[in-house]
Amino acid sequence: MKIFQNTKNVIVSIAWAAALCTSAVSAQTLTSNSTGTNNGFYYTFWKDSGDASMTLLSGGRYQSSWNSSTNNWVGGKGWNPGSSSRVISYSGYYGVDSSQNSYLALYGWTRSPLIEYYVIESYGSYNPASCSGGTDYGSFQSDGATYNVRRCQRVNQPSIDGNQTFYQYFSVRNPKKGFGNISGTITFANHANFWATKGLNLGNHNYQVLATEGYQSRGSSDITVSQGGSSGGGNSSSSSSASGGGSKIIVVRARGTAGGESITLRVGNTNVATWTLTTTMTNYTATTSASGGSLVQYTNDSGNRDVQVDYISVNGSIRQSEDQTYNTGVYQNGSCGGGNGRSEWLHCNGAIGYGDI
């Protein structure tokens, strides 16, 4: 619940301003400390001062906004009680930049022992793995990334049981997710199990939320959280050459910005599957025995259409889009495919390459 480093630059979140123009009938805006349930999800909102606010929307969606008048705040939606075996998916907008002291994280508490834990997906100016006086416990692989683990101690600080002395556990994603449009999956069992091998045990779960946090900074977020990864969705078609009980299960996690965008999964010289995207980040699954270079190709760019591909997985092994250097559809350096790739985005007809399978 606590961040320790000061920042003071200002950002303008265009996406947040646009979101404010669309009102939701069920919206409830919080400006004072509160916990409860909303549309089937638990929520928490806490601040120690200032103008931070959080708006509860349908399902697992919430929006937040804060400025430098707020010393420290944290809020989000999720579940109470939490679970060590939960798989969490999230998507939306994280409106900060590298000068702002903020986290986007799976955040929760346990009792007996009293533990505050974070799985940090993205952060701004301050890396929590550098917390003063902490102990490093190595790293492990999960959900297509490396997570660095650190334990810190908080002495006589706010907790779910008032001011207490307790440990914090951090898993910090490397590479961290970017800013702006964002999505991902957190397999929390991988974190809880690794922590336990290092003697970092959790207790009885209290709440567990996908949280935004800020400290003496300015920003906004618009986040939707759900349990597990969705599958199917949209319209799909598979080529005959990809059917017949192939040996590889490939999942493409993607969405369109307008809906109706078309993507094709290619392996070698085979069109394995073609899907028509919705605006919801969705897992699209295909089975194939084809081998060779793999790519996801965007084929019907027009108007305000863009495609965001979070990752592909091959038999459960995730390959993140932002780790790939082959991307001919992202708009960089003034042209489509004009940069070094390493992006989830296809702004133009083009493809992201994911290597041989």
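The backbone N, Cα and C atoms fix where each Cβ goes, glycine too.
Annotated features, as they stand in Swiss-Prot:
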type	residues	note
SIGNAL	1-27	signal peptide
DOMAIN	29-226	domain 'GH11'
ACT_SITE	Glu116	active site, nucleophile
ACT_SITE	Glu213	active site, proton donor
REGION	220-245	region 'Disordered'
Around the Cβ of the residue listed as 'active site, proton donor', the count of other Cβ atoms that are within 10 Å: 28
Glu116 (active site, nucleophile) to the residue listed as 'active site, proton donor' - Cα separation in whole Å: 14
Glu116 (active site, nucleophile): tally of other CB atoms within 10 A of its CB: 23
Segment-level pLDDT (mean, integer) for the domain 'GH11' (29-226): 95
